[in-house]
Every structure is written in C-alpha cells, then in structure tokens.
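To keep things clear, I will list the structure first and then write my remarks on it.
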Amino acid sequence: MTATRPRVVLTGPPGSGKTTVGRILAERLGVAFRDTDADVERTAGKAVADIFVDDGEPRFRELEREAVTTALATHDGVLALGGGAVMDQHTQSALTGYAADGGTVVFLDVSLAQAAPRVGFNRSRPLLVGNPRGRWAELMQARRPTYERLATTVVVSDERTAAQVADEILQEVRP
C-alpha cells in the first residue's frame, strides 16, 4: 500500500494564483483541493490576519507548520501552501523528501506588476501592511531562492489565465 501524499504542491508568493490555479488543477485531476491557510484558519477559529494581530506571527507559523505536516501526510489531491510556509526548516525538509519520492512541487512565479491587482494589498495580507508593494518585493527577494530550490518545476503565471497555468502544470505532473 502506498502512503497518502498530494498529487501536486503549489508554492509561491501572494498573488501568484496558488488557490485559484489549485482549484482548477484539482478539478481537472479529479481530486480534492486543500489550502493550508484555510486549515490554519479552521484550527485557530479565526482569519489569518486576526491570528497575526491577536497571537503574533510566531503562533501563526507554528499552526502553519502543523497544517503543512498534516496535509503532506494525509492529503492526496492538490495542496496549496501559504506564501511563507517554505521558509520554515521543517517544511523545507518535508518538501525535499516529498520531491525526492517523486512528488511535484510547483513554484508559481509572478511579477509584482501582476501580483498587485490580484492581491489588492488589503488588510487580509498581514505581512504586506504599510508599504505593500515594497514589502511584497522584499518578501519575494528573501523567499525566491527557497521557492526555486524546493521546486521540481517553475511555472510563470504572468499574463496568463489560471486555466492556462493549470494546463501547463498538468503537463508536468508526475504519474
């Protein structure tokens, strides 16, 4: 019996299309879609932004790590990780092992110009408060090397519909 694991794991910054593309991809593969940010919200009983305000980023990251670990071990569909999840060492190790076992980790790359209208840079993105464009660029600069290192494939979502991005990922999914 094979262990349960996701068909595809989507990573990338806010506005790259992880949730939108993930839902389309899951539908096309005939599997379930799961978003670890939604798992965290369900566990905490409040929105991600409220967790940051009420409990702080360290508590959010702890909940996120638990959500990713659980999802990687129990979910057999398409899994979207929160934008910063890949910065956790435990998550990096888990994704490296998943990829080494033949799993597909997709880095959805996007430019700031394309991410801005998608994200809207509103208060539901707690790490982007203040100067959202500047913060997004800083976060992306810090996270890009990790996204690239962990990815088994990189798909650029600029100037493309979510369906087009999902189609490209479908071609990359390992059997």
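Glycine is treated like the rest: Cβ placed from N, Cα and C.
Whatever TrEMBL says is automated annotation, not expert-curated.
When the candidates D37, D39 are compared with the substrate site entry in TrEMBL, which names R61, G83, R143, the shared residue is D37. Ranked by CA distance from G17 (ATP binding site), the binding-site residues D37, R61, G83, R143 have G83 at the top as the closest. Relative to G83 (substrate binding site), the binding-site residues with Cα atoms inside 10 Å are S16, K18, the candidates having been S16, K18, T19, T20, R160. Once the Cα atoms of D37, R61, G83, R143, the listed binders of substrate, are compared pairwise, the greatest separation found is 18 Å.
Comparing C-alpha positions, K18 (ATP binding site) sits nearest to D37 among the binding-site residues D37, R61, R143. Fewest other C-beta atoms within 10 Å: among the binding-site residues S16, T19, T20, that description fits T19.
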